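Here the structure comes first, spelled out in structure tokens, and everything after it is commentary.
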Amino acid sequence: MSCNWGTELWDQFENLEKHTSWGIDFLERYTKFVKERVDIELSYAKQIRNLSKKYYPKRNREDESRYTWCLAFAATLQQLNELAAQKEDLAENLNSQIVCELARYTQELKTERKTHFQDGRRAQQHIESSWKQLESSKRRYERDCKEAERAQHISDRIDVEKTDGEKRCSIKTRQTAQQKQQAAEESRKDYVTSLNQFNQDQHQHYHTLVPVIYQRIQDMEERRIERVSEAMRLSAEAERKVYPVLSHCLDAMMDAAESIQPRKDTRHVVDVYKTGFDPPGDIEFEDYSATMRRSISESSYLNNRAEGRRHSRKLWPFLRKNKLLNLLSSPRQPPPPPPTSPSPGAAVNSPHSPPTSSREPITQRLSDLMSSSSKTRKQCLRSIKRGLSLKLVSSPADCSHLPPEQRRKKLQIRINNINQEIQREKEQRDALLKMREVYERSPQMGDAGSLEPRLEEVKQNLQKMEEELRRIQVWLSETDSGLSDHSSRRQGGGCGLNSQATTPGSSSLKQLNKRSPASRESPDGSYTEDHNAELHFKSRSSEFDDEFDDEEPLPSIGTCKSLYPFQGQNEGTLSMVEGELLSVVEEDKGDGWTRVRRNLEEEGYVPTSYIKIFLDSSTKGAVTYI
């Protein structure tokens, strides 16, 4: 069915004006709707990102990278991040393709509508002025006709009743009547002309001008409706484009949930916390009836309790009272003096002690702690904690302070790391050898002799790492043999132990002495060694570390250059070669040691007299220790 506003709605100019104005208002309202949806999508994406960042596992939490349920949760958070990214893309597409385009089109539509309705109003004003002119000529013609008729009537009456005096008036009246008739004739002609002009203008208005103008308004309205349809289609299409990625994210979340393995996680708990110790044996019977006095037996439960109370501070370090003050009172040894010559052998073979803290610098740190701000106070606490942990947690190189199972895992990890370092050094050596061959064949590319120092350094590093690897492998074999002995004793030695336990009056002192150090246990099954004080310091340091689980690495305050080579043989020290550049983390507190960092990974103490320090301008300026 054909529809033409020019022919169907020729008399609805005001209604068309209202309708088109309402259509533009709808377009603006739809644009505002899409814009608010864009804001909602962006806000949702931002909240999802913040939520994912808030609950994402911390880098220093190793436990969350061990278990499948932690890994599944981390994968879910990653997919949430991807989902937020897709929401941001959707919002960007809606804003660029719909909001901006509709805003620009709305302005163009308003301008076009204004032009069309201005043309319609001019046409309407023209036909109204033509109609007014017709009405004016019509009234003038009517008035002239009435006046001419009245003048003719007066003239005829005078002609009938004329006298000598009236004859002269009759001629004048007849002349007036003739003038009126001529004016009426001219008014008639003007009326006819105005009537014809109005009919012509009216025909042109309703059959030519109005259809053209209304057709333009109709086309404008149809384009507006099509633009709204196109915007809705683009909105749905933009959302449909992100659905495959969202579906992929949801599938990944489902895969992460299905990847959780409860049995594997529980087995991993065993791998992490298993010590390899034997459970505590039966408590032997103490015969008090023979001498009617209390016999002395080391395996007695009551004696063990009294002995445990006497040595609780040595073997069971779980008290927190005065912990920090006790840790600060550790002995201190000075760092090694600088060698007289910068030869490598002068510093490598000399014994070194790990950096410790004396009473004087610790007192200074505590005074700084009490007089500093909250942020600085936190850094001071971390400084005290790290320095003490390096001193007190100076665990032996063979990890003998650990339980057998944990020692085996620790040694295995060290072996794997050393194997990786050896592989990297070998690759570097092969690359240097190939480069030397190239230089020998083409001397213009470089000097082959310049690579010899580096090759010698790589060779020495390989020798050191291979020696370290062999030493750790020996320790690992000892640990494995000890675990195998424990396993065989647990499987076949249970009855003998029970038979000894049921013998009245027998002493368990010899039996306890025959046990290996790894099998000595407390009455409740935990591991103790009376001769080893490192467990005491380890536990106290672990207690101290619990209060700083979420620590951050200290910022660098400058750089330093090593003047002499230094071989850090103890826990907490850092080895360096002559001329090496390192980052300074903490200045010398008066104990002769300076904390440095290498490659954001290795950190330790070096003698202050072995380095030349260049502090940043924001700290104290350039300071040199030589």
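Placement of Cβ uses the backbone N, Cα and C atoms for every residue, glycine included.
The domain 'F-BAR' feature in TrEMBL is assigned to 3-265.
Taken from TrEMBL, the feature region 'Disordered' applies to 327-362 (among others).
Residues or ranges marked as compositional bias 'Pro residues' in TrEMBL: 332-342.
According to TrEMBL, the domain 'REM-1' annotation covers 401-478.
Summarising the annotation, TrEMBL assigns coiled coil to 408-475.
The region 'Disordered' annotation in TrEMBL covers 480-532 (among others).
Here TrEMBL flags 497-516 as compositional bias 'Polar residues'.
According to TrEMBL, the domain 'SH3' annotation covers 555-616.
Residue counts of the domain 'REM-1' (401-478) by helix, strand and coil are 72 helix, 0 strand, 6 coil (DSSP-based). Residue counts for the domain 'SH3' (555-616) under DSSP, helix first, then strand, then coil, are 3 helix, 31 strand, 28 coil.
Within the model, the domain 'REM-1' (401-478) shows a mean pLDDT value of 87, rounded to a whole number.
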